[in-house]
């Protein structure tokens with residue numbers, strides 16, 4: 001099956017609805033992907049890229065239904081990775097002498113994958129062109145390390161289509177091909193996820209390369225990517241986003257992620273987030289447990305954030321393995337213009353938080369003070385965590401924060417509980433597992449416990465909203481039990 005892109009250009013690629021892992025297991029393709037190949041039929045017939053190797057036979061079979069393979073005059077390989085050039089071996093078994101146009105580095109990559117040095121390679125560099133008849137040309141632009149050394153883009157004159165390789169793409173599968181046809185929220189989420197997890201390390205190269213391409217003063221009516229949609233409506237919108245993302249991008253957002261053995265570090269994360277929100281209710285705060293969250297979503301949020309707090313329990317004097325792995329990935333992604341702080345709980349001996357702080361600093365983050373707790377944090381320790389969050393909010397604020405935005409402290413809230421006790425509602429009760437506090441003056445509306453309900457009148461089937469345990473794990477709040 002083919003889809004008309006424009007005039008004599010057709011999409012002859014492959015949709016992959018089922019793929020969930022890309023680059024090994026490093027990128028979760030939660031919405032599938034597509035491998036975009038394009039057939040140009042002008043005075044010369046040109047094939048731009050192929051598809052992933054696992055679809056080789058299907059690709060060649062579908063291509064044969066579109067064109068006699070012997071009629072293909074040129075093959076353009078913009079990128080030698082297997083999801084782009086994977087079907088070459090199958091295709092070349094039918095047309096072994098067809099010229100392949102690619103960069104010098106691509107020959108090494110193609111031979112490394114396919115082991116056919118006898119193929120008819122023709123190397124190109126930036127500014128080279130290929131006449132394809134009917135007054136049209138293909139112009140080549142090398143884009144090394146966006147994101148492989150062999151990468152290039154191909155521009156078609158006349159139709160003003162830029163075949164952009166991996167740039168401006170998304171791992172996003174849809175039966176509809178064009179950007180104006182698909183769900184816009186999904187599309188831009190996947191664009192940002194793709195940039196954050198794949199292209200961020202090369203941000204320093206993105207702006208000068210885009211500037212170089214724009215310097216050719218060539219009109220761009222469409223951008224035909226290697227994955228995801230073809231940009232036909234306002235195609236330069238994605239170019240503008242790339243320029244924005246490449247410029248040390250950050251939003252007014254803070255990301256916390258952690259791993260925990262006994263929920264102690266989770267309690268710290270929750271309290272830190274509360275403190276941040278007390279001081280700066282306008283900042284977006286996102287919390288992730290790495291054991292239960294999509295790694296690429298975490299990294300996308302780090303990319304969007306002005307700062308990140310990373311938490312870990314101590315195990316064998318070092319950080320938890322999932323945290324160590326994620327910090328290693330952040331090191332490779334080379335995030336810039338971001339701050340960081342480490343936190344975590346330990347038992348008889350620590351070590352993980354200091355190690356984590358060093359690793360975050362080595363990864364290029366501007367470090368703030370770290371925070372440690374021993375064993376399960378009690379009321380006082382959780383207040384220290386909230387205070388840490390308040391300080392982080394002030395230090396990381398993008399603009400001065402008004403004093404009026406500060407909420408009551410935990411001590412003030414405890415005073416409110418004491419006032420409730422004097423009003424004959426009885427004491428506040430604290431969950432001994434997660435430290436959540438039941439205040440009789442407030443009740444718990446989500447479980448139909450009305451404000452003003454003393455603990456003795458709370459139904460026996462009441463569950464702690466934080467840890468879902470019953471009334472038997474609650475004790476009188478420590479400040480009232482003294």
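Using the three backbone atoms N, Cα and C, a Cβ is placed for every residue, glycine included.
When Swiss-Prot records 166, 227 as binding Fe cation 2, the matching candidate from 83, 108, 294 it lists for that site is 83. The CA atom of residue 83 (Fe cation 2 binding site) is located 53 Å away from the CA atom of residue 431 (Fe cation 3 binding site). Rounded to a whole number, the C-alpha distance linking residue 357 (FMN binding site) with residue 467 (Fe cation 3 binding site) is 29 angstrom.
In sequence order, 79, 146, 147, 151, 198, 199, 225, 226, 227 are the residues near residue 166 (Fe cation 1 binding site), counting only same-chain partners six or more apart with C-beta under 8 A.
Mapped onto three states, the DSSP output places residue 347 (FMN binding site) in coil. Using Cα positions, the member of the binding-site residues 81, 431, 434, 464, 467 nearest to residue 367 (FMN binding site) is identified as 434. Other Cβ atoms within 10 Å of the Cβ of residue 79 (Fe cation 1 binding site) number 24 in total over all chains.
Remark: of the binding-site residues 342, 367, 431, 464, the most isolated position is 367 (fewest other Cβ atoms within 10 Å of its Cβ).
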